């Protein structure tokens, strides 16, 4: 196999393993921006939404920077999740969605990191 073919195959594998990271990061961005109006600190939520959008874009680029950014942002979100108030159905629903998205993101980032290490 030539070096060009090997590089192309590796690039395809790496890109395919990052699609779930991009999808989950984009979902987080939409989620953060959608609930920003109801948060105590809407600018922080909007800022995180923008960071997740940047992470989704960056995850599709060469290197592991985007995957690491998404993983760190999700870790921050999940670390603060137990401390949010649960006073209404809206609170419970948004926190369950955040938990599901967080677990999906951690799984996607782990798989992308493993694929990059193997590739």
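Cβ coordinates are placed from backbone N, Cα and C, and glycine is handled just like the others.
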Check: Of the ranges 3-20, 21-38, which one does TrEMBL list as transmembrane segment?
Finding: 21-38
Item checked: the transmembrane segment (67-86) versus listed stretches 21-38, 44-60, 92-113: most Cβ pairs under 8 Å -> 92-113
Notebook entry, point to check: So what's near the transmembrane segment (44-60) in sequence-distant terms, Cβ-Cβ under 8 Å and 6+ beyond its ends?
Noted result: 15, 18, 21-23, 25-26, 28-33, 35-36, 66-67, 69-70, 73, 77, 112
